[in-house]
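Data first, discussion second: the structure below is written as structure tokens.
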Ligand SMILES: O=P(O)(O)O[C@H]1O[C@H](CO)[C@@H](O)[C@H]1O
Ligand SMILES: O=c1cc[nH]c(=O)[nH]1
């Protein structure tokens, strides 16, 4: 599934915003050193433009092993010199996330849930900014639970939505709730849909619901706690389906919101989430960013 996405994005590359990745924090420029704590990288100890300046695609997913396997797969697909098994974890100085660079592709793990991916995204966006990367496309390759779909269906996200099926992400800042949009890019979703049709993979475009919990949050009956009946669960999932939800996972809203805030507001070209084998999902967004 993943190479299909990357091939597709590369073909359409000229459509992307030719901009350097930017951050939305005036304090960063005044700092003598920026430490990317959870990557074990810093602007003082590492030459980020030299290490990462040629990055065009960033693929993120929850599991460290998956993202290593994906990097090895990309190494093979891109026919890069050397042995895929020898690729090195750039973040080996920390066990929070793993990161592999294969040519213009960066493969990073982000753990489970919004807080974990959010920390990773702060540091990733800063890294791409410091490295002066341009025209970067960001994908999430993950797993998800399908809603009303046959197992194995790939879901390309139209909108990332919250538990109330709203396309928004709520972040508490200084004790106040800030709401950020998670609207996504239609054009990119359609590109991916076209790619899947050429590969004969069952694929739909639909909304992806992001929850803060795998069990009760997703209407599961098999957690340590369950405060609802089977009928109530089905009713909620039915409402979700009617609202256009086709899969459920745990990172898409913050992924979409952060990339959007760091992007061209008027372009609104953003995320998607894919799900495969009931459980394989990928979300993607452009983070070609402007002021
Ligand atoms: O497959 P990954 O990328 O880990 O994502 C999904 O799997 C985890 C739950 O099992 C959550 O993080 C969910 O979003
Ligand atoms: O969040 C998730 C991830 C995989 N499968 C699910 O059902 N939910």
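Quick reminder: no glycine exception, Cβ is built from N, Cα and C everywhere.
Just so you know, TrEMBL annotations are computer predictions that nobody has curated.
Pulled from TrEMBL:
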type: BINDING; residues: 96, 140, 141, 142, 143; note: phosphate binding site
type: BINDING; residues: 218, 220; note: substrate binding site
type: DISULFID; residues: 91-98; note: disulfide bond
type: DOMAIN; residues: 56-264; note: domain 'Nucleoside phosphorylase'
Report, as a single number, how many Cβ atoms besides its own are within 10 Å of the Cβ of residue 91 (disulfide bond).
21
List every residue in the same chain as residue 98 (disulfide bond), at least 6 positions away in sequence, whose Cβ is under 8 Å from its Cβ.
64, 67, 68, 89, 91, 92, 108, 109
Which of the recorded positions 91, 96, 98, 140, 141, 220 have a Cβ less than 6 Å from any atom of ligand 2?
none
List, in sequence order, those binding-site residues among 96, 141, 142, 143 whose Cα sits within 10 Å of the Cα of residue 218 (substrate binding site).
none
The predicted model's mean pLDDT over the domain 'Nucleoside phosphorylase' (56-264) is 93
Quick one: among the binding-site residues 143, 218, which has the most Cβ atoms sitting within 10 Å of its own Cβ?
218
Sequence-ordered recorded positions from 91, 141, 142 with Cβ under 6 Å of an atom of ligand 1:
142
Three-state secondary structure of residue 142 (phosphate binding site) from DSSP?
strand
